[in-house]
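Let me begin by presenting the structure, written as structure tokens, before commenting on it.
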């Protein structure tokens, strides 16, 4: 559980830091545009950087979102079932979700390898585009981890009144 709490802390810290950096960069970009001229052209990289940061923000948040039960889902059948059929359905959902997330992470890894071999670089930041493609791999890996933890009962993501998980204040 300590390792899971550490992972949550790292994910939250990363997400908040990236979001704050995005806000600061965009604010700075607006100020630079108001000043204009060649000064503003020096900050052309900001839009691309914020776009890449947003991609990472979305994918890294997948695991936490699933754990908190905030993903969009159709729960009509799940809510009508009780007992063994309900547990079987929840295990099926977690199992299928786990294998789907692992498959997407595997596809993403293949894509990262391919893009890194092509040598593609971003236009203004000049970073290898393959590193940007690591966001889905990481995000779906974290998602698969949460599906597995739910499958084995370490976390209860289906609880109706799940606000605080052990060792989790927010």
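For all residues, glycine too, the Cβ spot is worked out from N, Cα and C.
Nobody curates TrEMBL annotations by hand; they come from automatic prediction.
DSSP places the residues of the domain 'Tripartite ATP-independent periplasmic transporters DctQ component' (22-154) in helix, strand and coil in these numbers: 105 helix, 2 strand, 26 coil. Per TrEMBL, the feature domain 'Tripartite ATP-independent periplasmic transporters DctQ component' maps to 22-154.
Distant neighbours of the transmembrane segment (12-32): 39-40, 42-43, 46-47, 49-50, 53-54, 56-57, 60-61, 64, 170; these residues of the same chain sit at least 6 beyond its ends, with a Cβ under 8 Å from one of its Cβ atoms. Taken from TrEMBL, the feature transmembrane segment applies to 12-32 (among others).
Under the heading transmembrane segment, TrEMBL lists 44-66 (among others). Packing against the transmembrane segment (44-66) from elsewhere in the chain are residues 8, 11-12, 14-15, 18-19, 21-22, 25-26, 28-29, 32, 97, 122-125, 132, 135-136, 138-140, 142-143, 145-147, 150, 157: each is 6 or more residues past its ends and has a CB under 8 Å from a CB in it.
Residues 66, 77-78, 81, 133-134, 136-137, 140-141, 143-144, 147-148, 150-151, 158 of the same chain, all 6+ positions outside the transmembrane segment (87-109), place their C-beta atoms under 8 angstroms from a C-beta of that stretch. Look at TrEMBL and you will find 87-109 (among others) tagged as transmembrane segment.
If you look up TrEMBL, you'll see 129-149 (among others) marked as transmembrane segment. Outside the transmembrane segment (129-149) by six or more residues, the chain places 4, 11, 52, 55-56, 58-64, 66-67, 94-95, 97-98, 101-102, 104-105, 108-109, 111-113, 115-116, 120-122, 155, 157 with a CB less than 8 A from a CB of the stretch.
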